[in-house]
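So the structure is just underneath, and the comments pick up after that.
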Amino acid sequence: MAEGQVLVLDGRGHLLGRLAAIVAKQVLLGRKVVVVRCEGINISGNFYRNKLKYLAFLRKRMNTNPSRGPYHFRAPSRIFWRTVRGMLPHKTKRGQAALDRLKVFDGIPPPYDKKKRMVVPAALKVVRLKPTRKFAYLGRLAHEVGWKYQAVTATLEEKRKEKAKIHYRKKKQLMRLRKQAEKNVEKKISKFTDVLKTHGLLV
């Protein structure tokens, strides 16, 4: 991948820890990474156990002044961000710079809805977990521990998918028309295409 190019990853269907480890390595190497659809990230193990773990984490606070930390993020994107932070030397200049190169989002906001999104095969649930194993969704966990925007994110995602469908339909139609147009003029331009082929300008 070219230096300075932004790597846009679709978090849906990836395992939390495995994806976080790969993202942490990439940002340390100097790549800019954007992770979208964090609410679709999976966690191995059944939902109830994962919720108990998170509730235990919520109880960890400073007795005399809880506002001093530790801070418990509720949004799936921030939970993922904190997981990555735990894999970086974030108290050093290098680690802080790496963390600044990471952006995380719930849903797919513009301009990333128009960009090609990648997956990480090494972190995919279907590749890494046995089909019989239980797993939980980060979005559901976040919702049950205090995230307020699950419904809003779902609505916006539905709207985005509808828009994408219309765009794809138009694109297919244009491609069909282009092919038809090429077919219509094929005989007329055959002598020109033959000349171009002899000069190696057309394959």
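Any Cβ shown, glycine's included, is placed from N, Cα and C.
Under the heading N-acetylalanine, Swiss-Prot lists A2.
Residues or ranges marked as citrulline by Swiss-Prot: R59 (among others). Within 10 Å of the C-beta of R59 (citrulline) there are 7 other C-beta atoms, taking all protein chains into account.
If you take the C-beta of S77 (phosphoserine) and look for same-chain residues 6 or more apart in sequence within under 8 angstroms, you find V35, C38, E39, V104, F105, D106. Annotation source Swiss-Prot lists phosphoserine at S77.
According to DSSP, R140 (citrulline) is assigned to a helical segment. Around the Cβ of R140 (citrulline), a 10 Å sphere holds 17 further Cβ atoms from the protein chains shown. Annotation comment: Swiss-Prot describes R140 (among others) as citrulline, evidence class similarity to another entry.
Sequence-distant neighbours of K191 (N6-acetyllysine) (same chain, 6+ residues apart, CB-CB distance under 8 A): none. Secondary structure at K191 (N6-acetyllysine), taken from DSSP and collapsed to helix, strand or coil, is helix. If you look up Swiss-Prot, you'll see K191 marked as N6-acetyllysine, on the strength of similarity to another entry.
The two recorded residues, R140 (citrulline) and R59 (citrulline), have Cα atoms 20 Å apart.
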